[in-house]
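Quick look at what Swiss-Prot annotates:
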DISULFID  Cys4-Cys18  disulfide bond
DISULFID  Cys8-Cys20  disulfide bond
DISULFID  Cys13-Cys25  disulfide bond
Amino acid sequence: GVFCGELCIKASCSIPGCECIAGLCYKN
């Protein structure tokens, strides 16, 4: 639920532990 400060285009995030949700990277 915490925004990782990264946008995701290909449903992948470069920041470890972060997942792509609705175009944004979130972690918990």
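Cβ from N, Cα, C; glycine included.
Around the Cβ of Cys18 (disulfide bond), a 10 Å sphere holds 20 further Cβ atoms from the protein chains shown.
Rounded to a whole number, the distance between the Cα atoms of Cys25 (disulfide bond) and Cys8 (disulfide bond) is 6 Å. Long-range Cβ proximity for Cys13 (disulfide bond), meaning a same-chain Cβ under 8 A and a gap of 6 or more residues, is found for Cys4, Glu6, Glu19, Cys20, Cys25.
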